[in-house]
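Here is the structure we will look at, set down as structure tokens.
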Amino acid sequence: MGKPSSKEERVHHVFENIYSKYDSMNSIISFQRHKSWRKDTMKRMNVQAGETALDVCCGTGDWSISLSEAVGQTGKVIGLDFSKNMLSIAKQKKQDLQLNQLELVHGNAMELPYEENSFDYVTIGFGLRNVPDYMTVLEEMYRVVKPGGKVVCIETSQPTLIGYRQAYYFYFKFIMPILGKLIAKSYKEYSWLQESAKDFPGKKELKEMFLNAGFDKVEMKSYTGGVAAMHMGFKASQ
């Protein structure tokens, strides 16, 4: 099999290969912090029973599940991802938890298959850095969220603390691929993940991108010395 030629093909290849070890590696890479980041973000979102959400690049479904538990049986959550293997893990979790309000869809974040103004919330967790075009996906999420709704992104960021920054880059460049090789047998795939994290915009740059996509207001929150950040974009009420 030849080397994937585009970013989209390369990312698809990565996640189709690491899906079975993704959850355990995610916990190791973030020192278990990703769960607390998502929990804090959910608190800030204040999701209510009966509401609707779309989780873009849902992967193995952890954020989709948190959203499903928040909206309850009267709400609706759709988790969308382009990796069928990642979705297979999410489907097993859904079945185990009997979450009838959760629907899992194989689809493309660059062309969301939904009408304008469809969801109260649209989320993307650690997926934006992997899409071919950040702005296209932000504009798509803006399009499908309802007026007065929120688009929320949790993503790796560029640390600003002196010393912390150097340690972060060392960890991502040298340690993470080795962990990937030892645990997931996937050195090349985890090398890609550190590349995508290194090249991703800082939190201020991402805030500007949210505003350029049309959002009326954007809130930011840094986590763990700036290694990750939450951006919450508000779509103006009509």
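Cβ coordinates are placed from backbone N, Cα and C, and glycine is handled just like the others.
Per Swiss-Prot, the features are as follows:
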type	residues	note
BINDING	THR60, ASP81, ASN108, ALA109	S-adenosyl-L-methionine binding site
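This view paints the features noted in Swiss-Prot onto the structure.
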residue	record	Cβ neighbours (10 Å)
THR60	S-adenosyl-L-methionine binding site	25
ASP81	S-adenosyl-L-methionine binding site	25
ASN108	S-adenosyl-L-methionine binding site	16
ALA109	S-adenosyl-L-methionine binding site	22
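Secondary structure from DSSP puts ASN108 (S-adenosyl-L-methionine binding site) in coil. Spanning the listed S-adenosyl-L-methionine site, residues THR60, ASP81, ASN108, ALA109 have a farthest Cα to Cα distance of 16 Å.
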